[in-house]
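Below you'll find the structure I mean.
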Amino acid sequence: MPAKIIDGKAFAATVRAQVAEHVTKLKDAHGITPGLAVVLVGEDPASQVYVRSKGKQTVEVGMKSVEHKLDAETSEADLLKVIDDLNNDPEIHGILVQLPLPKHLDEDLVINSIAPEKDVDGFHISNVGLLGTGQKSMVPCTPLGCLMMLRDHHGSLSGLDAVVIGRSNIVGKPMAQLLLGDSCTVTIAHSRTKDLADVVRRADIVVAAVGRPEMVPGDWIKPGATVIDVGINRLDAPEKGDGKTKLVGDVHYESCAAVAGAITPVPGGVGPMTIACLLANTVTACCRANGLPEPEGLTA
Ligand SMILES: NC(=O)C1=CN([C@@H]2O[C@H](COP(=O)(O)OP(=O)(O)OC[C@H]3O[C@@H](n4cnc5c(N)ncnc54)[C@H](OP(=O)(O)O)[C@@H]3O)[C@@H](O)[C@H]2O)C=CC1
Ligand SMILES: Nc1nc(=O)c2c([nH]1)NC[C@@H]1CN(c3ccc(C(=O)N[C@@H](CCC(=O)O)C(=O)O)cc3)C=[N+]21
Ligand SMILES: [Mg+2]
């Protein structure tokens, strides 16, 4: 039987509808509008597309959207000043600094300068520590989106073998924490892992977050396993015409879909869920800032 395709685009639309409903409540009952600020340093075209689509969706769910575009040579002091102003702005409940930053800027320092309660990416050391100790935190958007799709598909994840390929601070590590929190037996694989194929073959759940186009072939997948493809790789697609490109994930979709029980496509899988979870985190942050009840089912 071919795999069930987990439709992240449709799922994200339902998450955004829940966010929009909660935003309306906040406005009508309390006169509060959640606000999200996105800070982009430099002119990476891919980041610009992504920032634009976040801004558009933020407005569509009824929230305030602010974009700070700083040039690539911005000094650390100037960037920290922008963040400090946003930390102190009562109309801003969420702050996202688009990564990666230009090399002259210290990413850890910059991220840790965001007020933890406004850190809707969940990258601040304080949120990382809270998540790792099972306390209420801001949960990173991409892993949260993956978790929502996994819970929806499986019901309970308890006791399942999960393999996360990739150990980055923004995807792999927090993903592993969330799976552990849902009582999976978790393995984190990376570039030094021996016999990756054998490790992946044991998994009921495979999350691929590597950044290598189509590197996971179908013959690594246990029949019936769930495959979550986080990878976003833009490749040239001369077959579509001159200068055209296409997006592919970190798994080889066709061969994996032939053996998996369920799989997320690229595009239309994890990506849209990431943005929806960013909006969800912003509403959650706004509710916490105002001592109001949080939307249910929109965090881990
Ligand atoms: N859909 C979405 O919303 C998002 C998608 N992404 C995408 O997810 C992917 C991963 O992103 P990110 O976590 O930031 O990437 P990083 O480059 O930060 O991390 C990649 C990880 O993959 C590991 N890795 C590299 N090569 C191999 C290999 N041959 N075998 C096993 N492991 C390997 C690395 O291991 P080591 O640590 O040993 O070097 C590292 O831990 C990218 O394609 C990115 O574009 C990212 C964020 C959001
Ligand atoms: N501070 C920070 N937080 C992030 O969450 C963050 C970041 N920096 N830097 C870059 C990565 C990447 N990322 C994506 C989110 C959505 C899509 C997405 O919506 N993708 C669509 C396709 C978009 C297209 O066509 O290009 C899809 O998969 O269907 C992709 C990638 C978030 N990131
Ligand atoms: Mg990275």
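Even glycines carry a Cβ here, placed using N, Cα and C.
Keep in mind that TrEMBL annotations are predicted by a computer and have not been checked by a curator.
I grabbed these lines from TrEMBL:
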type	residues	note
BINDING	Gly166, Arg167, Ser168, Ile232	NADP(+) binding site
DOMAIN	6-121	domain 'Tetrahydrofolate dehydrogenase/cyclohydrolase catalytic'
DOMAIN	140-288	domain 'Tetrahydrofolate dehydrogenase/cyclohydrolase NAD(P)-binding'
Run through the Cβ atoms and count how many others sit within 10 Å of the one on Arg167 (NADP(+) binding site).
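The Cβ of Arg167 (NADP(+) binding site) has 17 Cβ neighbours within 10 Å.
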Among Gly166, Arg167, Ser168, Ile232, the binding-site residues in the record, which have a C-beta under 6 A from ligand 3?
Ser168
If you check the binding-site residues Gly166, Arg167, Ser168, Ile232 one by one, which have a CB less than 6 Å away from any atom of ligand 2?
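The ones that qualify, in sequence order, are Ile232.
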Give me the non-local Cβ neighbours of Gly166 (NADP(+) binding site): same chain, 6+ apart in sequence, Cβ-Cβ under 8 Å, ordered along the sequence.
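In sequence order, the residues whose Cβ lies under 8 Å from that of Gly166 (NADP(+) binding site) (at least 6 apart) are Gly172, Ile188, Ala189, His190, Val207, Ala208, Ala209, Val210, Gly211, Val230.
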Under 8 Å Cβ to Cβ from Ser168 (NADP(+) binding site), same chain, six or more residues apart: give me those in sequence order, or none if nothing qualifies.
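Once residues fewer than 6 apart are set aside, Ser168 (NADP(+) binding site) is near Ala209.
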What average pLDDT is reported by the model for the domain 'Tetrahydrofolate dehydrogenase/cyclohydrolase catalytic' (6-121)?
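Mean pLDDT across the domain 'Tetrahydrofolate dehydrogenase/cyclohydrolase catalytic' (6-121) comes out at 96.
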